[in-house]
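> Handing you this structure, nothing more for now.
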């Protein structure tokens, strides 16, 4: 037991002593994020070999696409991935012990006149990943990229006319689901800027692109039509302040980068009303889903809502990003995504509890209790320690920015729960220092970390 623990602890340290870095920004990204990354892999029972494999891929193929290391005063590309505009986030599927991370690829051209809205860096990032693992298929990615993100002419026009103000500038992200020592790749696409360029709403763009795809791939058409019918019914109902029937707005779309016969399309909808009735409506598609599996999942949603002690109310996304180091004083809207499975006439929902801004210790305790009730004993015993050890120098009882979302779905008589976590300046690195940057001495003296 002691030997195993020592081996786990050595993964980050061993790699830190082994790696060379192309520049100081990449060195800082590694020491800021890798301690928590390794800790979550350990918590999820990845083998030593898999930990080395995934952390090595992260260092070699991901960190070079995270851009400059964020500071409070330095210029950087702001990513919609987190409220702090940082382009990297870890998440953990607690039911299956699967680690995922998401990032927005950034390169030297991002934000410049060559690529003012970060349209093209993702292609360079994809090439690195394709070279490292076979089986990545870009057919559906290429289709949605063309339909939902800017082309070169649109990008130049928006930039020259100064038409982009407070809109979401992020257009695409990548995520790696880590399964064993391999990864499964997916993409997330935000059509906000395409909407500005074309004059079409985000809703029109998302549903229009999937409708065209469903005409060719008829196996997803019934599920898409049911989802479209639900959204249309929600959006034509008059809204009152005390109603859960607020309009649903499309926010983004995702798909797996595998063969189209296996890829899943997910449509994400924003729900401004944070309430249990609103979440129940999202889960059942307004009563369209009423099978036994739906009912069983609904009971767990109610259980989670109570354990988390969610505060109801009508929410909106604040426009500016939070400055690095700011303690949040906000609560965000809810969200749901709907998976369109091949040959399944009913969309599969996944609902999101937006817990950013809530006390992290209370959220952790609620999750641990849920894990224990449902006999996820290994995760129940490790989860709190994992987060404490990821931020060892902080008063964890007072934090309220570590958990961003908790997602829940239920399929094949089994619940799936994932947490999305603040993944910046972890381990021995102070998260929010008094100065402009943690370990400022390290930035000046490159010998403090190899």
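We number each residue from 1, going along the chain as drawn.
Just so you know, glycine gets a Cβ as well, placed from its N, Cα and C.
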> Given that Swiss-Prot lists 80, 81, 89, 190 as binding L-tryptophan, which residue among 27, 234, 251, 264 does it place in the same site?
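Answer, per Swiss-Prot (L-tryptophan site with 80, 81, 89, 190), from 27, 234, 251, 264: 251.
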> According to Swiss-Prot, 186, 188, 264, 266, 268, 350, 352, 416, 420 bind substrate; which of 72, 76, 100 is also listed for that site?
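For substrate, Swiss-Prot names 186, 188, 264, 266, 268, 350, 352, 416, 420; of 72, 76, 100, the listed one is 100.
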> Under DSSP, is residue 80 (L-tryptophan binding site) helix, strand or coil?
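DSSP call for residue 80 (L-tryptophan binding site): coil, neither helix nor strand.
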> Highest CB neighbour count within 10 A among the binding-site residues 188, 190, 416?
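Counting Cβ neighbours within 10 Å, the top one is 190.
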> Translate the DSSP assignment of residue 190 (L-tryptophan binding site) into the three-state scheme.
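The residue in question, residue 190 (L-tryptophan binding site), is coil (DSSP, three-state).
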> Around the Cβ of residue 81 (L-tryptophan binding site), how many other Cβ atoms lie within 10 Å? Please give the count over every shown protein chain.
21
> Counting distance between Cα atoms, which of the binding-site residues 80, 81, 89, 190, 251 is nearest residue 350 (substrate binding site)?
251
> Just to verify a number: CA distance, residue 190 (L-tryptophan binding site) to residue 416 (substrate binding site), in angstrom, no decimals.
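So the alpha carbons of residue 190 (L-tryptophan binding site) and residue 416 (substrate binding site) sit roughly 25 Å from each other.
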> Just to verify a number: CA distance, residue 416 (substrate binding site) to residue 89 (L-tryptophan binding site), in angstrom, no decimals.
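Rounded to a whole number, the Cα-Cα distance is 19 Å.
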> Provide, as an integer number of angstrom, the distance between the C-alpha atoms of residue 188 (substrate binding site) and residue 80 (L-tryptophan binding site).
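That separation, Cα to Cα, works out to 11 Å.
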